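Chemist: My questions will all concern the structure given below.
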Amino acid sequence: MATKFPSFNQGLAQDPTTRRIWYGIATAHDFESHDGMTEEKLYQKLFSTHFGHLAIIALWVAGNLFHIAWQGNFEQFVLDPTHVRPIAHAIWDPHFGSGITEAMTQAGASGPVNIAYSGLYHWWYTIGMRTNEQLFQASIFMSILACWTLFAGWLHLQPKFRPSLAWFKNNESRLNHHLAVLFGFSSIAWTGHLVHVAIPESRGIHVGWDNWLTVLPHPAGLAPFFTLNWGAYAQNPDTLEQVFGTSEGAGTAIFTFLGGLHPQSEALWLTDIAHHHIAIGTVFIIAGHMYRNTFGIGHSLKEITEAHNTRHPLDPHKGSFGINHDGIYETVTNSLHFQLGLALAALGVATSLVAQHMGALPSYAFIARDYTTQSALYTHHQYIAMFLMVGAFAHGAIFFVRDYDPELNKDNVLARVLGTKEALISHLSWVTMILGFHTLGIYVHNDVVVAFGNPEKQILIEPVFAQFVQAAQGKMMYGFNALLSDPTSSASLAANSLPGNHYWMDLINRQDALSAFLPIGPADFLVHHAIALGLHTTALILIKGALDARGTKLIPDKKDLGYAFPCDGPGRGGTCDSSSWDAMYLAMFWALNLIAWVTFYWHWKHLAIWQGNVAQFNESGTYLMGWFRDYLWLNSAQLINGYNPFGVNSLSVWAWMFLFGHLVWATGFMFLISWRGYWQELIETLVWAHQRTPIANLVGWRDKPVALSIVQARLVGLAHFTIGNILTFGAFVIASTSGKFG
């Protein structure tokens, strides 16, 4: 056992037990708790870690580029993207026998390979890459970028280059920089790549380092830009007959507003995507000039927030809502946990939206027909969104424990939220019970009547409000005649008066899985409410954890016990499981439960449509046994049969992962149910045996072995539960989809 310990916490170094290891892991990244930590040092360390994070991302991208260029089949994919299965990398495994070697030698490879379900091939193809050489060049560039960002991280820890605390807390300048430079410039730079490289390549015109200065992206050049004749850039778009990657049917437009999908690539029009990026880049650059700069021009955030109150002489409420946002500016500025919570919540919502839109409005050429990749990407992004959202509430709770100042926030919105927490929490509890009892009640009723041979007695509710929303966006099948589904409405007349061709109505009324809004019925209505139950229950646990973080009637001094504590002292057994950490821990189980329902729904509905059997979802999705039998059991069949006495197949690895995932998941329960005393006794018995066994007793250790604390065991249990859950469902999604569609 190590005798030295990192210098960040001398208290750990004195601990005579194996707790040191666990507390070391727990506090390694809790910079605030480290010895000798000042606020300025804290900000500098965090700023430096951002560059390290960027380096890891750049290295990961470089690795993907390198291995696909080296071992993949990108150039073959470019020639036939709808039929060539993309290769992620080769497999070199000394354990492979002839059966598995043969099974994994696929997609035209000469040896065993893994198939890529990441969508990287489609992305690189869409943005104009065509050769392995280009992938290698990009890989080298990303590797250099990783080195450069690592150097930047190191540099900003050196005395001469450490930013000051005042620099970090200059909110207006930081917002201006992030909005205008990071978001604005990068969006316009991406427009540049799309216009100069991707769009010409999609029209069969090669643009590379050899000719990029001589190939005009538009016949008129910059003349329309300087003469304000911007409409010229939208004229002569690609036709509906255009063959992606060739000049056949190609136009010359670079910024369009066509809507819908390119008929052949079944992805958004590249010229629409370019238009989106230049528009949003322009908006961000304008936004990056809103806040007060070093010349005193622009808005002060403090003035804006403090103007948002009810003390204005013309305000009808006359201060009845307290002082609203006074103190909020200082609270957010001085709390990294508050800022992180806001950032995680925003990013969590954005990631969930990305998951939805990658399926509903695919932006990469031909990816919509790679059903396994689409399923994997949806699942991947929804799971990430879940982790980000739980993290947002976790850091919100840490803010209340560590950073909240009751004096500074007296009678403002934060104090008012804390003051009305009983009403908030009890209402959420009521909502979850209403949703839970009604949804489960209808599902179980339907199960019973189907089991007894009376399926016509099911309670089937049409989602009329959601159907109305779909109709308003132009879906004709429901017969609602609202807004865009009514040809005579003001919305339709305005849409029809737009110059040029527009294809939104074609997209929304498609009969396949690419319709922007899929048809919905009673099965969708029920699972929607099941998902709403999961969302509200997760939110209830997390919001309660944050709002109760400082104290409750049961434990008034909770804030002094910290973010994570097992129980409030001996003899007060009723106080266990009440820390904010415990709320996060419990919410994780509900969040995993919820995200499974979300992805089950998306996956099954799409499988049914892709197979031309949409009735399966519509009819079986209205009762629980239908979900268990026709989705879970039916699609597990390939996994359970992945390898058998007659040999193996290309799904074997997923079958093994499916089984292994269940094992990891089940291991979690050992830590979640068996608690400390049992383990402590077992450890002491094992130590006794070790010390009396020849040869083994030559190895000793300094630390007294101690069982995991309740909080530590919960962390280990939750980690196994989560990782097992993801391994199991990931293998299920990929194998069940690729087993049907390749």
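Each residue, glycine too, has its Cβ placed from N, Cα and C.
Swiss-Prot feature annotations, pasted as is:
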TRANSMEM  46-69  transmembrane segment
TRANSMEM  135-158  transmembrane segment
TRANSMEM  175-199  transmembrane segment
TRANSMEM  273-291  transmembrane segment
TRANSMEM  336-359  transmembrane segment
TRANSMEM  375-401  transmembrane segment
TRANSMEM  423-445  transmembrane segment
TRANSMEM  525-543  transmembrane segment
BINDING   C567, C576  [4Fe-4S] cluster binding site
TRANSMEM  583-604  transmembrane segment
TRANSMEM  651-673  transmembrane segment
BINDING   H662  divinyl chlorophyll a B1 binding site
BINDING   M670, Y678  divinyl chlorophyll a B3 binding site
BINDING   W679  phylloquinone binding site
TRANSMEM  715-735  transmembrane segment
Chemist: Please tell me whether the transmembrane segment (175-199) and the transmembrane segment (273-291) touch - that is, whether there are at least 3 C-beta pairs under 8 Å between them, with each pair 6 or more apart in sequence.
Modeler: yes
Chemist: In whole Å, how far is W679 (phylloquinone binding site) from the residue listed as 'divinyl chlorophyll a B1 binding site' when you measure between their Cα atoms?
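Modeler: Each residue's Cα considered, the residue listed as 'divinyl chlorophyll a B1 binding site' and W679 (phylloquinone binding site) end up 23 Å apart.
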Chemist: I want to verify one value. Collapsing DSSP to three states, which class is C576 ([4Fe-4S] cluster binding site)?
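Modeler: C576 ([4Fe-4S] cluster binding site) sits in coil per DSSP, no helix or strand.
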Chemist: Short question: most Cβ pairs under 8 Å with the transmembrane segment (715-735), which of 46-69, 336-359, 375-401, 423-445?
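Modeler: It is 375-401 that shares the most Cβ pairs under 8 Å with the transmembrane segment (715-735).
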Chemist: In the same chain, which residue numbers or ranges, 6 or more beyond the ends of the transmembrane segment (375-401), come under 8 angstroms Cβ to Cβ?
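Modeler: Long-range Cβ neighbours of the transmembrane segment (375-401): 117-119, 335, 337-338, 340-345, 347-349, 351-352, 354-356, 358-359, 418, 538, 542-543, 545-547, 549-550, 559, 562-563, 580-581, 583-584, 587-588, 591-592, 594-595, 598-599, 602-603, 606, 726, 729-730, 733-734, 737.
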Chemist: Per 10 Å Cβ neighbour count, which of the binding-site residues Y678, W679 ranks highest?
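Modeler: When each Cβ's neighbours within 10 Å are tallied, W679 leads.
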Chemist: May I ask which of the binding-site residues C567, C576, W679 is closest to M670 (divinyl chlorophyll a B3 binding site) if we compare their C-alpha atoms?
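Modeler: Result: the closest of the binding-site residues to M670 (divinyl chlorophyll a B3 binding site) is W679.
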Chemist: Below 8 angstroms Cβ to Cβ, which residues of this chain, lying six or more residues outside the transmembrane segment (583-604), approach it?
Modeler: 359, 375, 378-379, 382-383, 386, 389-390, 393-394, 397, 524, 527, 530-531, 534-535, 537-538, 541-542, 544-546, 548, 577, 617, 621, 627, 631-632, 714-715, 718, 721-722, 725, 729, 733, 736-737
